[in-house]
Amino acid sequence: MCTHQLLLFDHFCLSCSSVSRCDHPLTLVLMVASAAIGGTLQYGYNLAIMNAPTVFIQTFINETFLERWDIQLEDYQVTLVWTIIVSIFSLGGFAGALIAGPMTIRFGRKNCLLLNNIFLMSGALLALTSRAAKSFEMIIISRILVGINAGIMNVQPMYFGESAPKHLRGAVSLSSAVFTAFGVVLGQVVGLREILGSEPCWQYLLASNAVPGLIQLLTLPWFPESPRYLLIDRGDKEACINALRRLRGCEVQSSELDEILQEQAETKGMRPKQPWELFTDRSMRWQLISVMIISSAMQLCGNDSVRRTDKNSVDPRDVLVRASCAVSCGTLLCKPCRSNLLIERKGRRFMLMGGFILMTVWAVVFTIALSFEHYISWMPYLSMGCIFTYILSFGMGPAGVTGVLPTEIFNQTARPAAYMIAGSMMWINLGIVGMIFPFLVSELSEYCFVPFAAVCVLSALYIGLFLPETKGKSLSTITREFHKLNFKDQAKNFESQTEAQYQLGEVCHSTAM
């Protein structure tokens with residue numbers, strides 16, 4: 001069990017013991033681990049395992065063309081096919097984000113995660129047999145299916161947010177970032193030449209993502225469905241109470257059940273909203289704007305690009321490359337565990353604003369370091385330090401907090417559609433950054449991170465000005481705060497009318513005197 005899980009375990013036990021006598025909530029901790037192993041851990045793993053077999057797959061592509069059509073591809077042609085294999089993952093992710101909403105409404109949060117493994121297992125099978133079939137097209141289809149699997153993973157933070165108690169909602173949802181870091185570490189390790197990163201084993205490396213999926217298939221069915229889904233969507237109060245009892249490790253608190261019942265009453269008779277309906281619903285205008293801006297900023301802030309800079313900045317010798325990967329993955333591993341202790345103390349706005357502000361600072365320092373690295377001998381070391389602190393700052397805020405926001409600011413009928421929009425924005429902007437970053441490097445050179453710094457500044461300003469704090473608040477309280485933004489003109493009219501009535505009352509009172 002990881003440090004984060006133990007901290008979550010102890011924090012939860014202390015909270016429960018202050019209210020009633022409770023057993024250790026092992027079900028909640030194990031449910032988080034089971035869902036995340038086949039979820040965001042899978043995402044990080046699938047990103048990492050594509051680095052090691054690059055040269056081997058490119059050779060396989062060239063050999064396939066030569067054997068089929070007796071054509072020797074040029075280097076740029078091989079690179080083009082390889083680029084398609086890598087980038088098609090984002091297209092699959094976008095498609096997965098679009099179908100995640102309907103799947104979670106029809107099948108539930110837990111069953112959606114389980115069914116998602118169909119895409120994963122199919123992709124792993126295609127990758128495994130692609131070499132024997134001498135078909136690089138099977139690798140492309142495999143990456144599309146794995147991308148769809150990654151897109152549907154947007155359901156995971158929704159499942160966590162609806163299953164966790166209010167005072168641990170942020171920390172549990174931040175577990176998604178923890179397991180993404182684990183996935184990156186695991187992918188780097190499995191991709192070493194001594195394990196599966198060698199030429200004879202690259203097809204097994206691409207298919208090894210089936211193992212986390214298999215673990216999830218064997219373990220997740222034993223855990224309960226989201227209590228909110230059971231009561232609000234299915235109307236099964238008894239199943240909801242049983243799920244809460246198992247997840248809390250103690251008797252259900254009436255305040256928590258009353259909150260879910262209140263949300264059920266507010267959404268009674270309402271059907272699940274479609275994504276396009278959110279754009280025309282004024283009562284959800286600023287919630288939608290907030291989710292779209294913060295989800296886009298998560299990708300446009302340049303976190304993935306700075307990792308590419310990391311790979312290009314180290315010495316090409318194998319030992320130093322491994323050392324760089326180890327330090328980078330260590331940074332990724334530590335950052336969410338620290339953030340879990342802060343998110344429930346300082347709140348979502350503090351973590352998001354702090355993360356973006358720190359990223360702005362490190363982007364500026366990084367730009368300065370790149371500008372003077374040919375004049376000052378120790379500047380390359382400062383550049384490497386900026387890369388690590390940039391990734392750390394990203395993990396403190398945007399990486400973990402963004403996923404929980406749709407759960408906290410949208411009601412049950414709008415939440416799946418909100419996650420569809422948030423996921424779509426993430427995948428679209430991930431593709432945009434992937435396409436424009438090489439041009440930014442070639443055109444702006446050492447100033448290539450200035451646009452990312454601007455995105456971070458603007459994001460921090462928006463969060464500070466418009467995003468209400470959601471820590472420890474019920475949905476109805478958060479909705480009232482957004483109502484003031486969504487109907488600001490009506491609120492002003494109401495205040496002016498109230499003030500006029502008050503003044504009129506004073507006049508009448510003085511006249512009567």
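Cβ coordinates come from backbone N, Cα and C, glycine included.
Noted in TrEMBL for the protein shown:
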| type | residues | note |
| --- | --- | --- |
| TRANSMEM | 26-45 | transmembrane segment |
| DOMAIN | 32-471 | domain 'Major facilitator superfamily (MFS) profile' |
| TRANSMEM | 80-101 | transmembrane segment |
| TRANSMEM | 113-133 | transmembrane segment |
| TRANSMEM | 139-159 | transmembrane segment |
| TRANSMEM | 171-190 | transmembrane segment |
| TRANSMEM | 202-223 | transmembrane segment |
| TRANSMEM | 350-372 | transmembrane segment |
| TRANSMEM | 378-405 | transmembrane segment |
| TRANSMEM | 417-441 | transmembrane segment |
| TRANSMEM | 447-467 | transmembrane segment |
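In the predicted model, residues of the domain 'Major facilitator superfamily (MFS) profile' (32-471) average a pLDDT of 86. The largest share of C-beta pairs under 8 angstroms with the transmembrane segment (417-441) comes from 80-101, of the ranges 80-101, 139-159, 202-223, 447-467. The stretch from 80-101, 113-133, 202-223, 350-372, 447-467 with the most CB pairs below 8 A to the transmembrane segment (171-190) is 202-223.
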